[in-house]
Amino acid sequence: MKPELGVCYYPEHWPEAQWADDAAQMVETGLSWVRIGEFAWSRIEPNEGDLRWDWLDRAVETLGAAGLKVVMGTPTATPPRWVCEKHPDMFALDEQGHVRGFGSRRHYCFSHDGYRAEAVRITRLMGERYGADPRVAAWQIDNEYGCHDTVVSYSDAARTAFRNWLSEKYGQIDALNTAWGNIFWSMEYRHYGEVFLPNLTVTEPNPSHVLDFMRFSSDQVVAFNRAQADVLRELTDTPLIHNYMGRTVEFDHFAVGEDLDIASWDSYPLGFLEDRSDRGEDWKRRFARAGDPDFQAFHHDIYRAVGKGRWWIMEQQPGPVNWAPHNPDPAAGMPRLWAWEAFAHGAEAVLYFRWRQAPMAQEQLHAGLLRPDSVAAPALAEAAQVASEMAGMEIETGTAPIGLVFDYESAWAWKAQPQGAEFDYFRLVFDFYRGLRRLGLSVDIVPRDCTDLSPWKMVVVPGLLHWGGLSDALATYEGVVVAGPRTGSKTADMQIPLPMGPNMNGVEATVARVESLRGDMSVPLAEGGAYQFWREVLEGDTLELSEDGIPARVGSAQRQYLGGWPDDDAMHRILGQAAEKAGLEVLDLPEGLRIRDAGQWRFAINYADHDWKLGKHITGAPTGRIAPHDVSWWLR
Amino acid sequence: MKPELGVCYYPEHWPEAQWADDAAQMVETGLSWVRIGEFAWSRIEPNEGDLRWDWLDRAVETLGAAGLKVVMGTPTATPPRWVCEKHPDMFALDEQGHVRGFGSRRHYCFSHDGYRAEAVRITRLMGERYGADPRVAAWQIDNEYGCHDTVVSYSDAARTAFRNWLSEKYGQIDALNTAWGNIFWSMEYRHYGEVFLPNLTVTEPNPSHVLDFMRFSSDQVVAFNRAQADVLRELTDTPLIHNYMGRTVEFDHFAVGEDLDIASWDSYPLGFLEDRSDRGEDWKRRFARAGDPDFQAFHHDIYRAVGKGRWWIMEQQPGPVNWAPHNPDPAAGMPRLWAWEAFAHGAEAVLYFRWRQAPMAQEQLHAGLLRPDSVAAPALAEAAQVASEMAGMEIETGTAPIGLVFDYESAWAWKAQPQGAEFDYFRLVFDFYRGLRRLGLSVDIVPRDCTDLSPWKMVVVPGLLHWGGLSDALATYEGVVVAGPRTGSKTADMQIPLPMGPNMNGVEATVARVESLRGDMSVPLAEGGAYQFWREVLEGDTLELSEDGIPARVGSAQRQYLGGWPDDDAMHRILGQAAEKAGLEVLDLPEGLRIRDAGQWRFAINYADHDWKLGKHITGAPTGRIAPHDVSWWLR
Amino acid sequence: MKPELGVCYYPEHWPEAQWADDAAQMVETGLSWVRIGEFAWSRIEPNEGDLRWDWLDRAVETLGAAGLKVVMGTPTATPPRWVCEKHPDMFALDEQGHVRGFGSRRHYCFSHDGYRAEAVRITRLMGERYGADPRVAAWQIDNEYGCHDTVVSYSDAARTAFRNWLSEKYGQIDALNTAWGNIFWSMEYRHYGEVFLPNLTVTEPNPSHVLDFMRFSSDQVVAFNRAQADVLRELTDTPLIHNYMGRTVEFDHFAVGEDLDIASWDSYPLGFLEDRSDRGEDWKRRFARAGDPDFQAFHHDIYRAVGKGRWWIMEQQPGPVNWAPHNPDPAAGMPRLWAWEAFAHGAEAVLYFRWRQAPMAQEQLHAGLLRPDSVAAPALAEAAQVASEMAGMEIETGTAPIGLVFDYESAWAWKAQPQGAEFDYFRLVFDFYRGLRRLGLSVDIVPRDCTDLSPWKMVVVPGLLHWGGLSDALATYEGVVVAGPRTGSKTADMQIPLPMGPNMNGVEATVARVESLRGDMSVPLAEGGAYQFWREVLEGDTLELSEDGIPARVGSAQRQYLGGWPDDDAMHRILGQAAEKAGLEVLDLPEGLRIRDAGQWRFAINYADHDWKLGKHITGAPTGRIAPHDVSWWLR
Ligand SMILES: [Zn+2]
Ligand SMILES: [Zn+2]
Ligand SMILES: [Zn+2]
């Protein structure tokens with residue numbers, strides 16, 4: 001596969017006279033793709049039924065004529081004011097019951113049928129106009145589901161739809177009462193009309209109630225997306241895409257991905273480091289201009305799985321953004337490095353966001369490849385460099401040696417019932433991912449319903465709510481397995497199963513009890529490192545004790561269960577030993593230096609602000625040093 | 001008095017076939033009491049008037065047949081959904097006006113007459129059924145008043161009831177205007193219909209308004225409880241009990257206690273340390289597995305006073321709980337130690353919560369004496385150990401040498417007008433309590449309306465809003481008195497009195513002015529230690545100056561007033577000198593080691609995670625060492 | 001000008017029999033002015049139309065007879081309950097839509113026509129009664145606009161008024177759509193009825209929308225004030241005054257000041273240090289009893305500008321206040337020092353708040369000159385000392401060497417779009433002010449619409465949204481100019497201009513891009529010090545590079561633009577060099593020691609708690625030392 005570059009463009013923001021020059025400069029830079037259309041509803045249809053295709057026709061014509069392939073976005077993330085006048089109850093409500101109204105974006109409730117019909121209507125009209133247009137080579141549906149915490153809504157529409165969803169799922173109300181354990185605290189319902197959304201309760205709601213509400217909410221996203229996808233399928237043969245966000249777990253991306261052809265995500269390494277990293281202030285300081293060395297890679301692997309192998313970056317940060325608490329300039333080289341990290345993980349395309357910095361409205365301090373005055377911003381030359389470096393290059397992703405299970409339901413379950421302030425599912429899985437990457441291991445993300453684990457030499461399963469179909473897959477799997485903590489500790493209904501966890505195929509063990517720990521109370525392990533935040537008292541064949549004499553790991557070298565959340569040292573040691581057991585060569589990469597294997601290529605990527613001697617850290621690497629914020633690749 | 005053990009049990013959570021085995025195992029463990037019924041309303045009355053006593057009859061029968069004494073709980077803390085359908089406005093509203101609805105527990109407003117009638121109705125029905133049942137040996141009314149901040153409600157029902165309450169109290173509206181000082185900021189009312197609840201104001205409401213609203217809110221709890229107590233009095237001769245919570249001061253526990261026979265409280269030492277301690281992170285770390293060494297004792301003494309000598313622990317933490325920010329395992333020995341601390345303070349019974357860990361709903365990660373799979377959790381053996389240790393033991397509480405005044409109105413007053421961010425009444429009194437306990441002194445809690453102080457050698461009165469009847473009691477008291485800061489600084493209407501405070505019998509003094517201080521601005525005292533958070537400029541016979549030359553203590557050795565909040569060192573010195581003046585022997589117990597005298601027994605209790613040489617710290621103690629988390633007792 | 005002293009008094013709080021004695025003691029202390037009437041509406045008009053002038057007549061008579069000049073306050077900050085009954089929708093709503101109701105003060109929405117009419121009515125009645133009374137020598141309108149965050153309201157009245165305001169400003173709706181850049185995110189409106197207030201949006205609203213809403217909200221304050229001012233102009237010839245607050249920037253004080261004769265402000269140095277300082281905990285600790293050494297001076301200079309040369313302190317802190325997180329006692333000498341600092345900045349009068357500490361309601365722990373029991377508080381003697389020291393003294397303010405531009409619109413703009421968490425306009429300008437004051441330079445505050453800068457030797461312009469009329473003023477200005485960061489970076493509509501900023505007359509430069517920085521990421525400058533929080537990449541004639549090689553200052557020594565937020569060291573160096581270029585002598589005053597030049601006088605003011613050798617730090621100072629918290633002045 002030959003990776004490509006592109007950019008996001010808003011022709012409606014610029015004088016029409018500028019379009020042709022912009023398109024020519026894009027092509028000259030080496031860009032192939034241009035995304036347009038998203039957010040343009042008020043120009044396409046300024047009043048109901050008053051359709052203005054002319055300008056968009058000319059934009060497609062101008063961009064296509066320059067040789068660019070267009071990604072057409074459906075504009076449903078930004079319904080115009082008149083749509084909201086027509087459907088005054090289409091807004092989501094927040095947990096306190098306040099309306100989340102018009103004036104920015106994503107101002108709709110996924111459960112509102114009236115708005116869903118409007119979204120389908122405008123999508124059909126766009127599909128009819130451009131679905132067969134040869135210049136439109138892909139479609140993006142909506143934009144960044146879940147951004148600004150928009151998956152969950154406490155509206156009347158959501159309540160009605162939730163009751164229907166529950167009724168479908170459970171049939172007789174007693175089944176729901178049993179599944180949720182409503183006998184506890186006399187929460188039993190007599191009929192579905194008595195069920196409300198799990199907000200505004202006196203103390204925390206029933207976690208089974210919350211989990212079902214999150215499943216429902218996720219399903220509403222899936223259905224909303226599918227409604228548009230179904231329409232576009234009738235009207236176009238080009239691939240359908242959605243652009244997901246970073247660290248967004250409120251809906252099941254795998255399920256949305258089922259209806260699409262390509263997964264893409266919007267990668268803002270510096271913004272995400274600032275506003276959604278758990279690694280503390282010193283870490284953020286060290287990587288403030290480079291981004292977390294593992295965060296992008298983790299998402300690349302997630303979205304490759306969500307896209308069943310096909311994935312893009314639809315929006316790539318080119319310079320400072322506008323929305324994090326602090327918005328520093330990327331270090332020189334990072335816009336190039338980030339693109340290469342994506343290609344090393346199999347991205348088919350990387351589109352920078354955006355072509356020219358907007359001078360108005362909310363994002364006017366978000367950098368583009370051009371400044372507002374059309375002078376080139378630093379990232380433009382880096383994009384051009386990437387384009388020339390990758391000319392003619394073929395990258396095949398292949399299968400990674402490691403499979404790491406990532407499951408959205410588990411994120412919802414532990415958010416409903418964290419038991420310890422630090423227990424966040426994304427954070428837990430990401431810590432395992434980071435540990436694998438420090439070992440120099442490439443990773444595939446595996447969904448919970450995977451039935452065949454044989455492609456991977458080793459499978460890692462942290463914090464999985466319940467085993468589901470994976471249990472059968474394990475029964476026939478011959479590789480190494482590392483699971484826990486909390487994996488298998490619940491039923492699908494979010495109750496404690498009998499026998500109690502982990503219920504792990506091939507490991508005789510019981511989690512006798514659990515405790516959550518203050519950050520200053522880590523439990524040292526006998527062989528080094530410690531468990532932090534979470535520790536279980538295990539019964540079973542002991543592999544290792546904690547220093548206080550409690551079994552910390554049980555099972556066998558081939559198939560083990562961890563009764564805690566390993567800190568960096570324990571993670572490195574335990575995963576390293578397991579990988580060696582699986583026959584894998586492991587490294588100990590220093591902070592900031594990372595590798596990724598893709599087909600015949602090995603990529604080395606340096607997020608540090610100083611250089612490293614490559615050969616010292618990476619077996620088989622070329623001699624010489626890798627500069628700060630530089631990328632290097634060679635045939636392995 | 002021979003102390004007893006027990007447990008909380010929810011027969012409705014388990015198959016009926018399991019009940020008899022459970023009961024037998026309880027008895028075998030040495031438990032005498034079992035509490036049931038609370039939270040079971042939806043099973044007793046699944047629809048209005050559709051009463052299902054059969055299962056509860058059989059539960060009582062099974063438990064009683066095993067030899068257990070039943071505490072029957074009225075289920076009014078968890079009205080079923082149908083009750084809420086019938087009374088859709090029965091919910092409390094929070095300070096912002098959001099409804100606090102169904103879906104967890106305590107979802108009712110104390111002022112709602114319709115719900116109060118439902119509560120009385122179900123209580124009457126239960127009383128009629130089980131009031132004379134010989135197997136039911138005590139009753140618990142409702143559960144944990146005030147838990148989850150549920151005393152105060154801003155509902156329409158509360159507003160109406162508050163207006164009536166004010167009208168009763170003040171008669172003519174001008175009396176209210178004068179009492180509240182409404183001339184200030186033109187807040188004068190013309191009639192009671194103009195008075196609203198003190199929420200949603202632009203800046204802080206009038207503190208007299210707030211204080212009256214808290215008095216009213218407390219009275220609503222008292223009335224709600226009394227309505228059930230009155231019904232049960234007609235129907236049973238067994239003692240009536242309520243289970244209070246830790247650090248809950250939003251209603252007057254003494255007033256509720258007037259209508260009951262026994263006070264009990266729910267003691268969760270690790271949860272409370274995590275979520276309601278002021279001692280800082282290092283302290284929490286040190287005692288994360290043992291609990292604050294003085295917190296439980298303080299509550300034991302409070303509830304002994306609330307119960308007019310009779311008190312229980314209705315719920316005793318047995319292992320990790322589920323509701324604090326972190327929920328560690330207790331150190332081995334703590335479930336035993338906590339029970340002994342309670343008995344040392346005169347508890348008649350200690351019931352562990354709960355028998356078997358629930359596999360479902362909100363508290364599924366709250367430990368029990370049994371695991372969800374019925375295997376014994378560590379606390380079961382500790383409970384059995386306590387049972388065998390206490391067999392035949394008689395403990396008489398007697399009168400402690402120290403009386404410490406604790407007053408709920410003062411808590412409300414200083415919350416309404418803290419004047420300094422750290423000024424919290426509970427924290428202040430608890431600091432004095434801790435100082436006394438460090439001196440090895442046993443303490444009785446004394447309510448504000450006590451008329452005879454002669455039982456105590458020394459009386460301590462920190463932060464009392466106004467003297468009330470205690471002033472007369474002081475007039476004839478011959479012991480040592482230590483009062484202040486803020487004691488006597490207000491009228492009952494929450495105004496500054498003339499003459500200004502402290503208006504302390506036997507001490508000629510005036511608080512010329514006050515200041516609240518940043519935590520890093522303590523005021524050193526001439527003889528050691530310092531005042532923190534709060535300092536007054538005193539006029540009167542000076543006992544000690546602060547280093548900046550301002551009188552810090554006034555009065556006499558026999559009767560003194562403190563113009564500040566002593567830090568640990570000053571507290572130890574000042575209280576120690578006063579206790580010696582009162583003829584008491586004082587110790588300087590190290591951190592974590594505590595003693596308690598009860599009748600002929602002296603108990604030593606070690607919350608530290610290392611041992612101590614007993615005789616070195618405690619006069620007359622046996623030689624030898626006390627192990628970590630151990631208890632020791634001897635005849636004194 | 002001969003400065004005067006005074007006090008705030010509430011005759012309605014005290015028995016009438018006390019008034020004459022109070023008045024006599026005021027005069028004896030050396031006070032000339034007494035403010036009354038504000039907050040007294042419920043006593044003036046207890047029911048609609050039921051006017052009770054008698055007591056106020058007698059109060060004016062008593063005070064006047066003693067020789068005091070009365071400031072009469074209109075009571076419109078505290079409408080009585082009956083006014084709210086009459087206009088139940090007169091309250092402001094907060095950003096979440098919660099009503100901000102009766103029960104404290106400032107409970108009205110500036111946009112409510114009905115309440116505005118009530119305010120005008122009571123003002124007219126008071127004006128008719130006392131406008132020509134010779135004992136009433138000045139009027140205060142309302143009290144502390146904006147206190148408790150009361151400028152902005154999200155009520156229906158505000159929404160309607162905002163739509164009208166927009167319609168007036170923009171005419172055709174397309175002009176608004178263009179000005180706000182509503183094409184972005186399809187936010188275009190078809191008519192004004194579609195525009196809502198910028199609250200309750202899903203993510204941040206359009207900053208142009210916010211900026212216009214702040215302009216509107218400010219205009220509503222101006223209109224509300226003008227409505228009263230217009231009435232009083234008809235009825236009195238005495239000066240009209242409003243008492244502004246500290247660090248309140250939500251409305252344009254210059255615009256309100258246009259309708260008044262004198263600006264006054266309420267100076268609470270210790271309260272403000274505690275609750276609105278950015279300098280960190282150590283700083284707060286060091287100045288906890290003295291107040292920030294520059295905060296009062298900055299406001300004195302602001303309000304001198306707002307009052308077009310005439311300004312007062314209407315409320316001066318005399319002892320501990322009641323409303324900050326901590327409320328310490330001022331150090332001995334501070335009530336005197338604060339008055340002298342004000343006179344050094346040209347205050348015509350300083351009134352202490354309040355005469356006697358109130359024993360009731362919200363402010364009962366706010367000190368007065370007298371204690372509640374009428375004993376003198378420490379500040380009384382200090383006030384008397386000031387009175388005797390200033391007897392016969394003439395102070396002329398003159399023009400300062402430095403003009404510092406302060407602009408309320410810029411504060412709103414950067415709050416709407418801070419881009420970095422620390423970017424607060426007040427903080428930025430105050431940092432420049434502090435740097436100037438450390439250099440020993442006296443400062444005049446200059447509004448954005450100043451057309452003639454020639455009075456000042458040097459003009460400093462940090463963070464100005466857009467140049468506006470100042471650009472023309474610069475064209476003819478011959479002094480030194482220091483501008484930036486962010487100055488000139490936007491259009492008046494809050495868009496990025498073309499050419500991009502700074503668009504500074506006489507400086508050829510472009511801000512190529514900007515970044516906001518974590519507090520631990522300061523950018524060192526080549527010649528010392530660093531930029532913190534904010535850094536721009538500049539193009540132009542470079543005066544200095546940052547250590548990473550990027551132009552940090554551009555232009556010339558005479559007229560320069562700073563591409564960052566200087567830290568203390570950089571600020572001192574850069575402003576010092578610029579001031580020397582402007583021909584000014586500069587000092588390096590140590591922390592806490594400050595000077596102020598007023599006409600022929602030089603004042604030295606010592607906020608430190610230790611003494612300084614004056615001559616060592618201040619050229620031409622008398623020999624000898626200045627005591628802690630002391631003031632010294634001499635002819636310069
Ligand atoms: Zn709300
Ligand atoms: Zn409980
Ligand atoms: Zn004031």
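The backbone N, Cα and C atoms fix where each Cβ goes, glycine too.
Curation plays no part in TrEMBL annotations; they are all automatic predictions.
The shown structure was predicted, so the numbers you read here are calculated from the model rather than taken from an experiment.
Listed features, source TrEMBL:
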type	residues	note
ACT_SITE	C:E144	active site, proton donor
ACT_SITE	C:E315	active site, nucleophile
BINDING	C:R105, C:N143, C:W323	substrate binding site
BINDING	C:C109	Zn(2+) binding site
DOMAIN	C:8-391	domain 'Glycoside hydrolase family 42 N-terminal'
DOMAIN	C:402-540	domain 'Beta-galactosidase trimerisation'
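Cβ-based neighbour count (10 Å, all protein chains) for C:N143 (substrate binding site) stands at 24. Chain B lies within reach of C:R105, taking the recorded positions C:R105, C:N143, C:E315 and requiring a CB-CB distance under 8 A. Checked against ligand 3, the recorded positions C:R105, C:C109, C:E315, C:W323 give C:E315 as the ones with a Cβ under 6 Å from it, listed in sequence order. Counting other C-beta atoms within 10 Å of each candidate's C-beta, the recorded positions C:R105, C:C109, C:E144, C:E315, C:W323 are led by C:C109. In the three-state DSSP scheme, the residue listed as 'Zn(2+) binding site' is classed as coil.
When pLDDT is averaged over the domain 'Glycoside hydrolase family 42 N-terminal' (C:8-391), the result is 98. Taking the Cα atom of each, C:R105 (substrate binding site) and C:E315 (active site, nucleophile) are about 17 angstrom apart. Straight-line distance linking the Cα atoms of C:N143 (substrate binding site) and C:E315 (active site, nucleophile), rounded to a whole number, equals 11 Å. Residue counts for the domain 'Beta-galactosidase trimerisation' (C:402-540) under DSSP, helix first, then strand, then coil, are 29 helix, 39 strand, 71 coil. Reported as a whole number, the C-alpha separation between C:C109 (Zn(2+) binding site) and the residue listed as 'active site, proton donor' equals 14 Å. In this entry, C:R105, C:N143, C:W323 make up the residues listed for substrate, with the farthest two CA atoms of the set 17 Å from each other. For C:E144 (active site, proton donor) paired with the residue listed as 'active site, nucleophile', the C-alpha to C-alpha distance reads 10 Å.
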